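One structure is given here, and the rest of the page talks about it.
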Amino acid sequence: MACVPFHMVSPFGHPCRHSPSPSSSSSFVTAATSRRLALFHLGAAIPQTQLFGAAASTLLKSDDVTKENATHWSTKDNRKMLHVVYRVADLDKTIKFYTQCLGMKVLRQRNIPEERYANAFLGYGPEHTHFVIELTYNYGVDNYNIGNAFGHFGIALNNVAKTVDLVKAKGGKVTSEPSPAKAFIEDPDGYTFELIERKGRISEPLCQVMLRVGDIDRSINFYQQCTKAIMGYGSEDESAVLELTYNYGITEYDKGNGYGQIAIGTDDVYKTAQVVKLFGGDIVLQPGPLPVINTKITACLDPDGWKS
């Protein structure tokens with residue numbers, strides 16, 4: 001299993017990359033006119049038999065990897081966007097906001113005092129069928145710099161105005177009123193959520209992660225090729241998507257130290273890592289098994305430094 005921030009990791013029980021990462025040494029700018037691309041539908045379902053205890057696959061020998069055979073392999077790989085990881089200053093306060101205002105459920109929690117952190121998984125359904133949130137609390141850290149590179153999370157709802165009223169009643173911050181079927185709010189740590197109104201049955205309420213990039217053509221090239229290896233595709237109405245935003249003239253952003261990574265499931269972390277490298281990604285954690293937990297992970301950075 002792999003988890004990609006885009007760290008490639010297994011969907012359940014990977015060790016959280018909890019240590020606050022240093023702020024990016026990039027520039028910071030107000031957003032100008034932007035071009036947004038909801039590029040990737042990342043939600044092909046992965047059977048539980050593939051999520052646990054899958055046998056190690058044979059590596060593609062590095063000398064034999066070509067863009068042609070790598071792309072062919074990636075189209076056969078089962079991929080699912082598993083969860084997004086970020087850091088919060090008060091775990092109980094954030095859980096209360098997400099459950100009472102946004103209707104999420106606590107799926108599981110754990111506390112690791114010997115490593116001085118705790119985390120909680122929240123979402124709208126079981127982890128093996130839904131994209132979920134992993135909140136990380138580091139002991140003694142009471143604030144984080146979100147920076148200006150992270151954009152927002154998207155949540156699909158049947159009634160945006162009703163949710164906005166609930167957020168106000170609970171003391172939440174509404175930064176953009178419904179207009180008419182979209183609104184923006186902030187959670188207790190200042191992370192932005194876009195509320196998107198959709199009628200009928202909503203298969204994947206936690207539907208979007210928006211990140212800003214410095215070169216849209218470079219990012220499109222990387223993700224169009226590499227996401228076949230890392231993420232897979234699915235219907236936007238039924239799967240979480242990655243939305244990349246390019247603001248004209250801005251090539252670098254401050255990533256801060258709050259947002260962490262996205263985890264993605266794959267059949268083979270070894271092959272995935274090789275394909276990522278082939279298409280210009282940076283492997284920051286070599287693929288291999290985790291101690292104790294029956295899974296394998298690798299971690300990579302895209303050309304803008306976003307981790308998977």
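Glycine is treated like the rest: Cβ placed from N, Cα and C.
Residues annotated as active site, proton donor/acceptor in TrEMBL: GLU194. According to TrEMBL, the Zn(2+) binding site annotation covers GLU134, HIS152, GLU194. Feature annotation from TrEMBL assigns domain 'VOC' to 80-209, 205-308.
Structure with TrEMBL features highlighted.
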residue: GLU134; record: Zn(2+) binding site; Cβ neighbours (10 Å): 25
residue: HIS152; record: Zn(2+) binding site; Cβ neighbours (10 Å): 20
residue: GLU194; record: active site, proton donor/acceptor; Cβ neighbours (10 Å): 20
Integer Å distance between the CA atoms belonging to GLU194 (active site, proton donor/acceptor) and GLU134 (Zn(2+) binding site): 18
Separation of alpha carbons, the residue listed as 'active site, proton donor/acceptor' and HIS152 (Zn(2+) binding site) (Å): 6
